[in-house]
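What follows is a short report on a single structure.
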Amino acid sequence: MAPTLEQAYRRRWWMACTAVLENLFFSAVLLGWSSLLIMLKKEGFYSSMCSAENTTNTTQDEPHGWPSCNQQEEMLNLGFTIGSFMLSAPPLPLGVLMDRFGPRPTRLMGSACFAASCSLMALASWNTKVLSPLIFLALSMNGFGGICLTFSSLTLPNMFGSLRSTFMALMIGSYASSAITYPGIKLIYNAGVSFMAIMFAWSGLACLIFLNCAFNWPREAFPSPEEVNYKEKTKLRELALDHRVTGDRFYSYVSTVGQRLSQKAPSLEEGVLFISSQDVRGGAESSAEKSVPLRRSLCSPIFLWSLLTMGMTQLRIIFYMAAMNKMLEYVVTGGQEHETDDLKQRATETVEFYSSVFGALQLLCLLTCPLIGYVMDWRIKDCVDTPTPRDGAATKSVRPPYREIQKLTNAINAFTLTNLLLVGFGITCLINNLHLQVPTSMRPTLPASWYPSKHFGTLTGLQSLLSAVFALLQQPLFMAMVGPLKGEPFWSMTATVS
């Protein structure tokens with residue numbers, strides 16, 4: 001059932017387009033937590049925690065008559081904390097698994113988990129007084145399934161050569177933009193469609209991802225452009241060369257073909273043999289990327305700085321998503337001690353409106369992330385694999401740049417641009433103004449496309465795991481905000497920024 005690598009290469013545009021759509025509607029949907037929280041409260045999840053005596057923090061939800069209170073939000077936020085942890089922590093074991101077996105098993109497992117999570121939420125809404133604890137399992141499987149879908153799509157851009165970083169940024173942009181999913185579902189929910197029907201329908205759509213992966217994703221991993229040139233291939237019937245080679249290089253080429261023909265490679269089924277650029281150049285000129293040890297990559301400045309940036313950003317964004325509704329309420333009411341019935345009604349309307357607006361603005365990530373990817377791909381196709389020797393005839397202006405130097409320069413530029421945008425996010429989220437909070441929804445993500453492909457899954461997974469552990473601090477910060485700080489978000493946000 002699984003296609004070969006060569007068949008997958010011919011379907012790469014279909015796979016890329018469907019992967020973007022699948023990431024957009026089925027990956028990091030928990031980033032739209034503010035809209036899901038509203039629906040869960042209306043369905044009565046953990047409403048039994050709201051006592052009748054708690055008149056200060058208890059409000060009545062008119063459409064369904066379920067009470068709502070801070071204790072309920074703390075419990076549901078705990079579910080979001082666990083779900084967001086599962087959205088970020090699993091890439092380490094998934095990376096090891098994907099480096100060994102390719103992205104296909106990971107994607108199949110992710111689509112199955114996401115479908116199961118939607119079904120669990122639908123079943124829990126049938127009787128929330130008894131089945132409310134199922135929301136923890138549902139949110140955990142939702143986050144785990146989403147990261148499986150996203151992580152398995154990050155190696156697909158390898159099939160696009162010099163545009164690899166741009167397509168990888170597009171995958172990450174669709175992942176970040178998936179926060180629009182729950183606001184869209186909330187519009188359908190407000191139109192009168194039951195929560196149970198929506199979740200079961202969403203579960204059925206997730207099953208289509210399983211079928212798409214089963215029929216179109218190969219068993220093999222996608223090699224990077226440095227490891228395999230998909231266009232340099234030998235047709236076994238004609239034994240024709242796609243480009244002219246002479247001398248020692250021709251001898252090396254023919255020797256490589258003979259060695260590959262003596263092996264039972266999976267790609268021979270279609271009569272096409274993929275020749276790696278390292279094999280053509282010979283063993284002495286094998287790629288330096290394959291020889292990079294994992295310890296050296298772990299101690300590299302790029303990985304360490306990315307780890308620091310990712311941890312701080314993860315905590316800031318997760319807390320912002322978890323506390324956004326309470327932050328909006330505080331902006332309208334000015335604190336729990338100033339709450340009146342009219343202010344509570346205005347706060348409810350404001351939260352409903354801005355949660356949808358912020359969710360829709362997540363689509364801007366589809367613009368900011370490819371911008372960083374474009375910076376990463378700048379002039380890559382004009383570079384050479386080895387430094388050009390200096391001679392009298394060649395001048396500095398006509399010598400093509402060395403690929404590794406250009407990649408490092410692009411990585412520095414992308415890292416600088418990302419951090420400038422993150423500093424802007426940290427400043428705007430501290431200002432108590434509703435209109436100024438709108439630009440904070442554009443969250444750029446720094447792609448890890450400079451990691452050696454041999455250790456890509458392990459390095460990216462370790463980075464995501466450590467940042468997820470650091471982001472667990474958002475739960476005590478949220479409890480401090482709704483408890484001792486009485487809804488004041490400034491000091492909690494300051495803690496995440498500092």
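Glycine is no exception: its Cβ is also placed from the backbone N, Cα and C atoms.
Listed features, source TrEMBL:
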type: TRANSMEM; residues: 12-39; note: transmembrane segment
type: TRANSMEM; residues: 75-96; note: transmembrane segment
type: TRANSMEM; residues: 108-128; note: transmembrane segment
type: TRANSMEM; residues: 134-154; note: transmembrane segment
type: TRANSMEM; residues: 166-185; note: transmembrane segment
type: TRANSMEM; residues: 191-215; note: transmembrane segment
type: TRANSMEM; residues: 302-323; note: transmembrane segment
type: TRANSMEM; residues: 353-375; note: transmembrane segment
type: TRANSMEM; residues: 412-435; note: transmembrane segment
type: TRANSMEM; residues: 455-473; note: transmembrane segment
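Under 8 Å from some Cβ of the transmembrane segment (75-96) lie the Cβ atoms of residues 28, 30, 33, 37, 40-41, 45-46, 49, 106, 135-136, 139-144, 146-148, 151-152, 314, 318, 321-322, 456-465, 467-469, 471-472, 474-475, 478, all in the same chain and six or more residues away from its ends. Below 8 A, the CB atoms of the transmembrane segment (166-185) and the transmembrane segment (455-473) form no more than two pairs separated by six or more positions in the chain, fewer than 3 in all. Among residues of the same chain six or more beyond the transmembrane segment (455-473), those with a C-beta under 8 A of the stretch's C-beta atoms are 81, 84-85, 87-99, 147, 151, 154-155, 292, 294, 297-298, 303, 306-307, 310-315, 318-319, 448. Within the same chain, the transmembrane segment (108-128) stays apart from the transmembrane segment (412-435): fewer than three Cβ pairs sit under 8 Å, each pair at least 6 residues apart. Each of 12-39, 134-154, 191-215 was scored by its Cβ pairs under 8 Å to the transmembrane segment (353-375), and the highest score goes to 12-39.
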